[in-house]
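Chemist: Grabbed the feature section from Swiss-Prot, which reads as follows:
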BINDING   Ala53, Gln54, Thr55, Gly56, Thr57, Gly58, Lys59, Thr60  ATP binding site
COMPBIAS  398-407  compositional bias 'Basic residues'
DOMAIN    40-219  domain 'Helicase ATP-binding'
DOMAIN    245-390  domain 'Helicase C-terminal'
REGION    394-422  region 'Disordered'
MOTIF     9-37  motif 'Q motif'
MOTIF     165-168  motif 'DEAD box'
Amino acid sequence: MNKTHLTDQKFSDFALHPLVIKAIENQGFYHCTPIQALSFPITLAGRDVAAQAQTGTGKTLAFLASVFNYLLTNAADETRQCEQPRALIMVPTRELAIQIYTDAETLSQFTSLKMGLAYGGDGYDKQLKILESGVDILIGTPGRIIDYAKQNFIHLNALQVIVLDEADRMYDLGFIKDIRWLFRRMPPAEKRLNMLFSATLSYRVRELSFEQMNHPEYIEVEPLQKIGSQIQEELFYPSNEDKMRLLQTLIEEEWPDRCIIFANTKQRCEDIWGHLVADGHRVGLLTGDVAQRKRIQILDDFSKGYLDILVATDVAARGLHIPKVTHVFNYDLPENVEDYIHRIGRTGRAGEKGYSISLACEAFASHLSTIEACTGHRIPTSEYNKEALLTDLPQPKRLQRHHRHYAGSRNQGASRKPRSPQ
């Protein structure tokens, strides 16, 4: 972590359980991020919190440390059965569930707390087998949790802690009815510790917190700065015919160590994938219809550096926590400003420098005014020389449905280097 991203307060300054502090410090973390420093005084006192915080601010550790602390310092009901988890963490996507589970495993290394996953699309029986053996902490998506609950594989009436992460996205994906169904099967709000985290504390998110929480305290982390100062934004206005060539030229010029390219539709993502693979790049494709096992493999390969570029839609990439992403390309400008903020928030994480490059073509340039109005600043604009765009590009490859969704190898002879930080 960059020191500018941290506060002067240490984890050991708070009344966290010694085993929680030991696990955190064992990972080399000693100082809190702002969201952690603000939330711990509330959650460690047993009070509810509703927090506005962007991804990359340390919010996952903020609520995981609070969950572990509560379970380690408050005994479970003596009548609790194995099908009754003590804590539930609800998230909008399976990728986010898996990432939080991985972080929780690290935090649990010195405890006897057991954890389970519940997400759709894969591993139904495997997940169920773990749940039937009994878990203290259940992490999952609303749909699969409801599935298990309706079949009485799990019961939520002994829950001591609830976390709702990315609450704003739960609305966007239509999960709120499911979430309310689950809340009705839990103990009353005053009988549990409730935590809500969201990129925005909009009216509907605050309404949900009022309904389902016990007088929550609201906190915000840098609410006036939606885009981190460490992210350098750049905007181009390409014609439709120049757009793909401009993207490929920029990639050649920037030569990013690790980048994510966002597009608004699955078809557009597949087109980009085909052009980049044909040009010799190592590329992964992440859209809504990619099978879960392939998604996990692609993300793992991208994180480990076997892939250099990830092409993704917003829904498929929501909640991803991938370190060291140097560049984000908005091939299409999103209609939703929150999607724009989420996209470019994949880079410049933990105080590191990041670059966001957007292409405002004829089809999506109309979205720019809303984005700039909501973020409160104009995106710096650059011009390109049409004559300097790459021309000797191979024909794009077509995606074979029975093949893995990535291929290619980076051209080892390329001489261009990434832009130096300014």
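Quick reminder: no glycine exception, Cβ is built from N, Cα and C everywhere.
Set these features in their place in the structure for me.
Modeler: Counting every protein chain shown, the number of other Cβ atoms lying within 10 Å of the Cβ of Gly58 (ATP binding site) is 23. Following the DSSP three-state reduction, the secondary structure of Gly58 (ATP binding site) is coil.
Mean model confidence for the domain 'Helicase ATP-binding' (40-219) is a pLDDT of 94.
DSSP places the residues of the motif 'Q motif' (9-37) in helix, strand and coil in these numbers: 16 helix, 2 strand, 11 coil.
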Chemist: CB neighbours of Thr60 (ATP binding site) within 10 A?
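Modeler: Thr60 (ATP binding site): 26 neighbouring Cβ atoms within 10 Å.
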Chemist: In sequence order, which same-chain residues at least six apart have a C-beta under 8 angstroms from Lys59 (ATP binding site)?
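Modeler: Lys59 (ATP binding site) has long-range Cβ partners Ile35, Ala51, Ala53, Asp165, Phe197.
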Chemist: Let me check the 10 A CB neighbour count of Gln54 (ATP binding site). How many other CB atoms are there?
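Modeler: Cβ-Cβ neighbours of Gln54 (ATP binding site) within 10 Å number 21.
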Chemist: Report the DSSP secondary-structure composition of the motif 'DEAD box' (165-168) as helix, strand and coil residue counts.
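Modeler: Counting residues per DSSP class in the motif 'DEAD box' (165-168), I get 2 helix, 0 strand, 2 coil.
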